[in-house]
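Quick look at what Swiss-Prot lists:
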{"type": "TRANSMEM", "residues": "1-18", "note": "transmembrane segment"}
{"type": "TOPO_DOM", "residues": "19-22", "note": "topological domain 'Cytoplasmic'"}
{"type": "TRANSMEM", "residues": "23-39", "note": "transmembrane segment"}
{"type": "TOPO_DOM", "residues": "40-53", "note": "topological domain 'Periplasmic'"}
{"type": "TRANSMEM", "residues": "54-70", "note": "transmembrane segment"}
{"type": "TOPO_DOM", "residues": "71-87", "note": "topological domain 'Cytoplasmic'"}
{"type": "INTRAMEM", "residues": "88-105", "note": "intramembrane segment"}
{"type": "INTRAMEM", "residues": "106-114", "note": "intramembrane segment"}
{"type": "INTRAMEM", "residues": "115-128", "note": "intramembrane segment"}
{"type": "INTRAMEM", "residues": "129-133", "note": "intramembrane segment"}
{"type": "INTRAMEM", "residues": "134-159", "note": "intramembrane segment"}
{"type": "TOPO_DOM", "residues": "160-178", "note": "topological domain 'Periplasmic'"}
{"type": "TRANSMEM", "residues": "179-194", "note": "transmembrane segment"}
{"type": "TOPO_DOM", "residues": "195-234", "note": "topological domain 'Cytoplasmic'"}
{"type": "TRANSMEM", "residues": "235-252", "note": "transmembrane segment"}
{"type": "TOPO_DOM", "residues": "253-268", "note": "topological domain 'Periplasmic'"}
{"type": "TRANSMEM", "residues": "269-287", "note": "transmembrane segment"}
{"type": "TOPO_DOM", "residues": "288-313", "note": "topological domain 'Cytoplasmic'"}
{"type": "TRANSMEM", "residues": "314-331", "note": "transmembrane segment"}
{"type": "TOPO_DOM", "residues": "332-341", "note": "topological domain 'Periplasmic'"}
{"type": "TRANSMEM", "residues": "342-365", "note": "transmembrane segment"}
{"type": "TOPO_DOM", "residues": "366-425", "note": "topological domain 'Cytoplasmic'"}
{"type": "TRANSMEM", "residues": "426-443", "note": "transmembrane segment"}
């Protein structure tokens with residue numbers, strides 16, 4: 001009975017925090033914590049300090065990249081690619097947004113490219129919903145495939161002491177599973193999007209809308225472009241510093257002999273990532289003369305700090321509650337998950353929707369899953385399931401896609417659940433999880 005009451009308290013905090021949005025999600029964890037500790041006298045769990053430190057380092061480097069103009073270079077290259085292949089925008093666009101996320105570690109880079117995707121689609125009489133919805137989904141799917149994303153480094157940190165038949169999960173082991181499985185999922189989204197919805201010339205509602213001259217001008221109006229901008233060399237230098245750091249981190253992750261050893265053990269990749277991300281930010285500031293004051297004012301830094309508070313409050317609250325009832329949870333869920341391993345992926349997917357964060361969902365669920373005996377291989381194979389907040393169209397990138405689509409084809413349906421993102425999201429995540437299991441088996445984890 002007490003467990004049920006405490007679980008309801010946690011769910012109320014999650015629902016209300018998600019509804020308020022932003023930093024409120026993590027702060028609401030504080031309410032749950034105080035009630036659990038001072039009212040129910042549960043011993044406080046341990047906050048995920050390692051995960052939070054990694055997030056701080058990665059966000060600092062990514063925000064510095066944006067402040068330096070290095071991100072503009074990536075976006076300019078992406079726009080050139082899209083405008084050279086307009087007929088294939090429904091397939092190319094989600095790959096572009098996913099790649100940007102993989103390189104930058106955050107899906108928030110999609111906001112700048114969405115108007116360009118719309119312009120390419122509408123000027124070629126392609127239903128904008130096709131590439132717009134796919135691109136928003138693709139940007140978020142890329143998070144679990146990025147070597148510098150909060151979700152990936154968090155998962156590596158949480159699985160750092162876990163062995164798979166005597167073998168530790170290395171940084172590149174995880175990426176070797178998540179990158180190809182994610183890209184195959186993106187391909188599935190692109191193929192689906194190619195055929196979805198009515199062509200614009202057969203869409204009676206759209207044709208009626210543009211029959212009004214003002215509406216037609218609004219729908220087919222010009223969009224801002226990066227192609228006519230000559231970016232300074234410092235922007236290019238910042239981009240190469242950032243990409244070079246990612247390459248070095250990947251190399252150190254691939255070969256533990258390249259890392260210094262202490263007590264017979266190579267330096268943890270969790271610490272390596274922190275060190276090199278801080279180094280990256282410092283080099284960009286020094287070599288490109290980026291104004292440090294501008295770093296804390298951009299979208300990447302803001303969203304990253306919100307992620308830290310979310311992981312802090314939610315994961316600490318969940319650890320406190322589930323840690324106190326671990327024996328009961330093991331008894332109820334342990335056998336079920338062993339018999340139906342896919343149940344873990346469904347739980348992770350739903351929690352992700354509640355918290356609107358892949359990193360926060362992993363931080364809340366992975367420690368519990370390990371404690372009740374879920375095979376770590378299942379956790380790795382099902383990693384793409386940490387993206388579930390496409391289920392309802394409340395995430396900022398989805399809302400942005402709707403706003404940037406002036407044709408109105410990217411939309412939220414009458415029943416809310418029948419929106420433009422639900423099918424691409426289900427297809428992409430499901431296909432990625434299936435291939436995640438296949439690649440995990442190929443590499444000997446399953």
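Yeah, the Cβs are placed from backbone N, Cα and C, and that goes for glycine too.
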Using a Cβ cut-off of under 8 Å, list the residues of the same chain at least 6 residues beyond the intramembrane segment (115-128) that approach it.
78-79, 82-83, 86-87, 89-90, 93, 97, 135, 196-201, 203, 219-220, 222-226, 404-407, 409-410
Check for me, if you would, whether the transmembrane segment (269-287) reaches the transmembrane segment (314-331) - at least 3 Cβ pairs under 8 Å, residues 6 or more apart in sequence.
no
Could you tell me whether the transmembrane segment (235-252) and the transmembrane segment (54-70) are in contact, taking contact to mean 3+ Cβ pairs under 8 Å with a sequence separation of 6 or more?
yes
Same-chain residues near the topological domain 'Cytoplasmic' (71-87), Cβ under 8 Å, at least 6 residues beyond its ends
65, 93, 96, 99-100, 103-104, 109, 112-113, 116-117, 120-121, 123-124, 126, 225-227, 229, 231, 235-236, 238-239
Taking a Cβ cut-off under 8 Å, which residues six or more beyond the ends of the transmembrane segment (426-443) line up next to it in the same chain?
137-138, 141, 173, 176-178, 180-182, 184-186, 188-189, 192, 345, 349, 377, 380-385, 387-388, 390
Please tell me whether the transmembrane segment (1-18) and the transmembrane segment (314-331) touch - that is, whether there are at least 3 C-beta pairs under 8 Å between them, with each pair 6 or more apart in sequence.
yes
